[in-house]
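These notes are about the structure you will find just below.
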Amino acid sequence: MQTNFLSQQFNAGFLAENSTACPANATICDGTSCVLPEDNFNQTLSVVLSTVLTIMLALVMFSMGCNVELKNFLGHIKRPWGIFVGFLCQFGIMPLTAFLLSLAFNILPIQAVVVLIMGCCPGGTASNVIAYWVDGDMDLSISMTTCSTLLAMGMMPLCLFIYTKMWTDSDAIVLPYDSIGISLVALVIPVSIGIFVNHKWPSKAKIILKVGSIVGAVLIVLIAVVGGILYKGSWIISPKLWIIGTIFPAAGYTLGFFLARVAGLSWHRCRTVSLETGMQNTQLCSTIVQLSFTPEQLELMFTFPLIYSIFQLLFALLILGGYRLYRRHRVKTKTDVEKTEQKEDSKSNVKINGGFVSDEMK
């Protein structure tokens, strides 16, 4: 609320300096700056969309929970090697990558800070949906998202303290622990209900999962579109941030996959760790940025979380498409081999029995 008020005051001041009179609807005007009333329509639209998206997200996470076996989930908690590898990727690789990219492109200090904030955020729930579509380990995916969100309470301040020293005082960055807590609750409760449904009614859980996976895919695209509409006035941004926003998620997916493979995880778990590493909680990053910086500073980097969100989705869809093509080719090849083996077996049996060989067997 305060940030919106300041932003409107700043924009109104700019208009006043470049016009002979304040706008007619200005509530305060002293000749050099004006204060305009809040746009009730945009505020209402934002609240409605946020509510709808939150409810839809909870339903999607409920459906994802319907694909989680309680025994396997607890197994990951008791033997957390996969979770530990994900932890190293989430709070080791991503903040370090953000730091190196900021140095390599020599961006402004305030821009470097927002890139680092993105790198320190926990994994996003969209990774669970994509992990399902690429036949990932859903038990590991859910446990990684939950643990990274929980551990973000302590790891985010630590990582920001380490990496932002050369650009700004880490105390100036406001971490919304309430938002992190809400994200955790919105994740844990629906997933827990889904796990219970899968345990009690497995046949119904499969139906819920199929519907939820489709709704989840639509929801991911919808969030990106809504973000583009709400922040359409902030698309003028440094080309360097566009480049970083393109490279950063791709680096996260790639490095996460290779680290998981080096750690000895199976291929489907490597895909899971890769997605959990590259897909960040961009909504949380946007919240931190709005709480921590002035309207003048926001103009330099406010859109970066949205840019990252778009490219993390784009690369995730490319991974999904590539995996689906590979799977289709592999299944087709496997089927052809099985048919060839069956024909050879049939030929050998016919020769032994002295029977007739059809044209299909030749």
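Each Cβ is built from the backbone N, Cα and C atoms, and glycine gets one as well.
TrEMBL lists 45-63 (among others) with the feature transmembrane segment.
Residues or ranges marked as transmembrane segment by TrEMBL: 83-105 (among others).
Annotated transmembrane segment per TrEMBL: 112-134 (among others), in sequence order.
Taken from TrEMBL, the feature transmembrane segment covers 140-163 (among others).
Here the transmembrane segment (175-195) has Cβ contacts under 8 Å with residues 54, 57-59, 61-68, 70, 73, 122, 125, 142, 145-146, 149-150, 152-153, 156-157, 160, 205, 208, 281, 283-284, 287-288, 291 of the same chain, all six or more residues outside its ends. Residues or ranges marked as transmembrane segment by TrEMBL: 175-195 (among others).
Per TrEMBL, transmembrane segment is recorded for 207-229 (among others).
TrEMBL lists 241-260 (among others) with the feature transmembrane segment.
Residues or ranges marked as transmembrane segment by TrEMBL: 306-326 (among others).
According to TrEMBL, the feature region 'Disordered' maps to 336-362.
What TrEMBL records for 336-348 is compositional bias 'Basic and acidic residues'.
Counting only same-chain residues 6+ beyond the ends of the transmembrane segment (83-105), those with a CB under 8 A from a CB of the stretch are 76-77, 111-112, 115-116, 118-120, 122-123, 140, 143-144, 147-148, 151, 155, 159, 162-163, 240, 243-244, 247-248, 251-252, 255-256, 259-260, 263, 265, 273, 276-277, 280.
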